[in-house]
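Noted in TrEMBL for the protein shown:
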{"type": "BINDING", "residues": "THR17, ALA18, ASN19, GLY163, GLY164, THR165, GLU211, LYS212, ILE213, LYS214, GLY293, GLY294, SER295, LEU296", "note": "ATP binding site"}
Amino acid sequence: MGFFDFMTEEIAMDLGTANTLVIHNGKVVVDSPSIVARDRVTGKIIAVGKEASLMQGKTHDNIKTIRPLKDGVIADFDASEKMISLFIKSIPALKKKMFTPALRMVVCIPSGITEVEMRAVKESCERVNGKEVYLIHEPMAAAIGIGIDIMQPKGNMIVDIGGGTSEIAVLALGGIVCDKSVKIAGDVFTNDIIYYMRTQHNLFVGEGTAEKIKIQIGAAIEDLDQGPEDMLVQGRDLLTGKPKQINISYREIAKALDKSIQRIEDAVMETLSQTPPELAADIYNTGIFLAGGGSLLRGLDKRISQKTDLPVYIAEDPLRAVVRGTGMVIKDINKYRSILIK
Ligand SMILES: Nc1ncnc2c1ncn2[C@@H]1O[C@H](COP(=O)(O)OP(=O)(O)O)[C@@H](O)[C@H]1O
Ligand SMILES: [Mg+2]
């Protein structure tokens, strides 16, 4: 350890399509929606994270909310840079210091991101004083966070269902053997619910309401052992224009999400069919691991298990598996150097 190391702070960041999390000194210090709000007149970013997410769907002409990484690609480079920088500057221990100290960072990025976009993320981190910035792919970080020893000559399958993308990967010997990234995940589930309410109940609900429905009664199968109770949903009647309330069961939501979940299942099956036989044999024994917010959908583990005839396990605290893994990598960077993106 050199003198310089005493002044270097270590930061692990999960730059997700829906949520960004940061670990500093072994603790989660940022856990916020990946969203910024911009003033259209001045072009300035006026809010980030939770504050910006409260504005979503309620903005007027002069304010726009942006999710810079919405579909797993960087839609707005400037907004994404501001978001990264504001999140880092919001870390309590760094806020107290007069200058941002030198940072050693590991940042986890969606797999679909291009090289140009990777460079942009790296440069954004360097501009907030990132002296050493490493990038890592999401399924790899998720696997480490779940507690899998990814260096072993053994195959493991990870399915990470986030906001914008679902990432499926088979890992062995510290590398990704085969993988697939599909743009069917939490955001699509939310839109499915909006569409279902409109077409089946003539009820217009906003994104926020649909997201609440998904979390409160969302399900992947219609025959849950212990299903949640029905939910009262308010929205605008499309025929009369008046506000209206209806009762919705989890079975209806399972119907609404069925097609999208099927597409995730297809991607899992396709990845399995591309897996070399020795690794397929390992996965037969170890099963499939689910991570990401989408894995909290009731009955999704059971459904994937029925489809694949494999045991399926949900990561502990699945929304934080990736940042946990990224945090483990920064703590032991020499061990994991070979798995970082070159
Ligand atoms: N209990 C839940 N049931 C279903 N979906 C959920 C639940 N909690 C969070 N989500 C969804 O998970 C997604 C965010 O997951 P996350 O892993 O943070 O995504 P990302 O890594 O892409 O940022 C959102 O679409 C959110 O609506
Ligand atoms: Mg994620």
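Positions of Cβ are set from backbone N, Cα and C atoms, glycine also.
Positions of the features from TrEMBL, shown on the structure.
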residue: THR17; record: ATP binding site; Cβ contacts under 8 Å, 6 or more apart: SER34, ARG67, LEU69, LYS70, ASP71, GLY72, PRO110, GLY162, GLY163, GLY164, THR165, ALA185, ASP187
residue: ASN19; record: ATP binding site; Cβ contacts under 8 Å, 6 or more apart: ASP31, SER32, PRO33, SER34, GLY163, GLY293, LEU319
residue: GLU211; record: ATP binding site; Cβ contacts under 8 Å, 6 or more apart: THR190
residue: ILE213; record: ATP binding site; Cβ contacts under 8 Å, 6 or more apart: ILE193, VAL205, MET231, VAL233, ILE248, ILE253
residue: SER295; record: ATP binding site; Cβ contacts under 8 Å, 6 or more apart: VAL159, ASP160, ILE161, ASP301, ILE314, ALA315, PRO318
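Annotation note: GLU211 (ATP binding site) sits in a helical segment as assigned by DSSP. In three-state terms derived from DSSP, GLY293 (ATP binding site) belongs to a helical segment. Looking only at the binding-site residues GLY164, GLY293, the densest Cβ neighbourhood within 10 Å occurs at GLY164. Following the DSSP three-state reduction, the secondary structure of THR17 (ATP binding site) is coil.
Between the farthest pair of Cα atoms in the ATP binding residues (THR17, ALA18, ASN19, GLY163, GLY164, THR165, GLU211, LYS212, ILE213, LYS214, GLY293, GLY294, SER295, LEU296), the distance is 20 Å.
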